[in-house]
């Protein structure tokens with residue numbers, strides 16, 4: 001051991017608890033020394049104890065950060081205990097053995113460990129007027145190789161102190177792995193393998209002496225320097241995580257990193273090694289400790305200074321086509337420092353006072369600074385086209401530093417609502433400065449406007465607002481003074497109204513209560529209505545009477561204001577997005593009527609619409625959908641010429657996704673469109689001509705998922721068109737000829753159900769077939785008794801699906817077929833007896849398939865899905881028998897047939913049991 005200066009302390013003053021822990025550990029060591037040699041060395045350890053060590057006495061040392069913190073007079077609840085001749089696991093087991101000896105545990109105010117698993121009861125032991133709490137995990141020893149304790153480390157808790165037990169080690173690194181080969185080492189070797197000299201000092205429990213084997217520990221602590229015990233370059237190459245650990249220690253202790261170590265940290269090979277060898281979970285642990293430490297600013301400044309930003313704050317799972325704006329990093333963390341530390345006189349007190357209430361919000365503030373260089377990065381498409389694209393900062397948080405979901409959600413919300421936040425803040429400030437200014441875009445100073453904004457942003461709105469504030473400061477497009485003034489004004493207004501917790505406010509009424517009070521069926525309108533209730537509550541905080549809220553809802557549903565806003569969006573937002581670079585639909589007049597002379601539709605289509613504004617804009621479809629939701633019949637008529645072109649443009653698009661979206665929009669529109677409008681414009685038949693051909697987009701030419709998506713949208717559109725063009729008549733038909741409604745439904749069954757099932761065989765395309773069959777029961781209900789004309793073609797399809805050998809492999813398809821069979825029996829029952837053979841074939845064979853499936857999975861119990869199929873098959877039989885019972889002769893025949901079936905295959909007996 002290197003010599004120590006006379007001015008350096010040689011021992012440490014232990015607390016009462018630490019003294020008891022030391023004595024316990026020494027007593028365990030003495031207990032081990034008294035044990036026979038075979039018992040000492042006998043262990044399941046993967047690390048072999050050298051022969052020369054096996055003959056030594058047990059020597060114990062407190063190591064690392066605990067010694068450093070003691071010398072700095074900083075309390076620590078974590079102690080690493082290094083053992084010279086045995087693994088931590090073996091020592092821990094011996095400690096349990098020692099404490100089981102009657103009377104030993106009581107010496108230290110502990111209870112003896114339980115016999116079955118070595119865990120303590122968790123009860124307190126009283127003595128001399130004092131008590132010591134022992135946690136339930138006191139004697140439970142767990143190996144934990146992932147906390148930089150690669151082998152034979154165990155953890156426990158003694159008298160409130162977290163104790164890690166580990167042998168003295170030396171580590172041999174290989175070029176292709178961060179995980180070293182671990183061997184028993186000397187105290188000198190163990191000290192030299194540590195990350196910093198100030199962390200490499202030991203406290204020898206046997207001698208009560210401080211040991212500085214690197215010879216630099218005391219010196220570097222006095223000089224406040226972070227230095228590696230060995231040559232920095234090789235130290236970092238062996239374990240690149242040490243770079244981040246040294247930065248963390250420097251920022252925690254306020255020390256300076258040794259220049260030689262700094263130089264090695266920025267080496268290109270080291271940075272590349274850091275990317276390859278270190279798991280992002282470990283990077284995240286270190287950065288989290290930095291940002292939750294005493295000086296996050298220093299940690300981020302070091303990352304910046306050493307050129308580590310793109311190594312630390314990146315998403316290694318993908319290659320970005322763009323670089324972070326690193327020039328924003330320093331302004332971001334410097335600004336957060338001024339807000340957190342309230343160190344700049346120009347920072348209004350309302351900003352930190354409102355936005356930084358606790359340690360969690362402080363941490364999120366530093367996260368914002370750390371990710372700010374990614375704030376303006378382009379969106380990254382989601383692997384699922386229907387999902388929202390990713391923000392780069394969101395991916396860096398999630399994949400780069402493995403931040404918890406809660407943190408990632410705050411980052412995502414900050415970016416998603418960023419524009420909204422900045423707009424509200426700016427409008428609030430401007431309108432308060434000039435109260436007489438035009439507020440046509442809304443009163444951003446009003447309690448309801450601000451309260452609804454906070455509800456929209458959610459519980460993390462404070463962190464989101466600070467993110468936007470930092471973004472504007474970093475961007476620097478307007479003066480810092482103006483930015484701070486506007487945000488301070490906004491926050492003062494929020495505080496004045498007492499709406500900081502608006503996201504927790506509950507509406508006076510539930511949706512069900514509203515629907516009942518208005519005698520209206522529950523539906524999508526309720527969400528908007530409840531928002532109106534909440535806005536009204538915010539505007540009238542002194543009122544708590546639900547009847548007042550009901551009046552507000554009645555006054556705003558389908559109101560003039562909603563219609564005028566919808567017209568505004570259609571004229572100034574939606575129309576420009578759908579029309580600037582594309583020719584108008586040749587089959588429509590400017591007023592949205594059918595053109596009198598049929599034209600070639602292809603003439604109006606653009607060769608490439610992938611860059612069309614309505615596709616690239618994130619708002620176009622949502623605005624159109626909202627507009628359709630608020631327009632009443634009069635509004636639809638007034639804006640017909642603006643509504644139809646966007647819908648048809650989507651339906652005519654080459655991309656099936658947009659065709660499906662267009663059909664969805666058309667369905668929404670038709671729900672509010674009267675027959676008169678379709679008659680006057682001539683678009684009723686035109687919509688039919690557009691929709692029917694879409695049923696031909698089937699496999700194999702069309703991928704199953706695309707076909708499923710499209711057909712799922714086409715069917716509802718045709719049903720909506722049916723209800724308008726050919727509404728159901730309450731009068732009995734006076735002619736035997738089929739009506740237009742009946743012919744429409746017949747075609748819907750043929751083209752929309754039978755044809756897809758024929759051209760795309762269900763066994764090959766089960767998801768598509770399942771989706772198609774879910775449309776069958778309501779369609780047969782529409783038909784009623786008229787459905788008998790289709791039984792000869794429909795029932796064989798259903799029976800074949802039920803009888804499919806691999807049917808139980810995809811239960812949803814069999815369930816859909818069984819329910820379709822039930823609908824056929826229910827609506828075509830007067831003729832169903834003639835098809836009992838076909839029905840019985842499908843139901844019986846389907847039952848057998850289910851039984852065979854259960855036999856193959858014998859021992860695992862019957863799958864829930866298979867059980868559901870069997871119940872539906874029994875329901876089919878029950879419905880069939882209910883029909884057959886109406887004819888005594890037929891019933892007798894059926895009983896005979898059942899008997900023969902049961903005799904032929906005993907497995908169907910339960911199917912036919914009543």
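Glycine too: its Cβ is placed from the backbone N, Cα and C atoms.
What TrEMBL says about a protein is an automatic prediction, not a curated fact.
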Between 82-111, 112-141, 142-171, 172-201, which stretch does TrEMBL give the note region 'Disordered'? 112-141
What else in the chain is close to the domain 'Poly A polymerase head' (60-91), if you only count residues 6 or more beyond its ends and a Cβ gap under 8 Å? 9, 12, 18, 21, 25-26, 28-29, 32, 40, 43-45, 47, 49, 53-54, 141, 143, 149, 151-154, 160-168, 184, 187, 190, 194, 198-206, 210-211, 221, 253
Across the domain 'Poly A polymerase head' (151-227), the model's average pLDDT, rounded to a whole number, is 87
Can you count helix, strand and coil residues in the domain 'tRNA nucleotidyltransferase/poly(A) polymerase RNA and SrmB- binding' (256-312) using DSSP? 43 helix, 2 strand, 12 coil
In DSSP terms, the domain 'Poly A polymerase head' (151-227) comprises 16 helix, 34 strand, 27 coil
Mind checking how the domain 'Poly A polymerase head' (60-91) divides into helix, strand and coil residues in DSSP? 11 helix, 10 strand, 11 coil
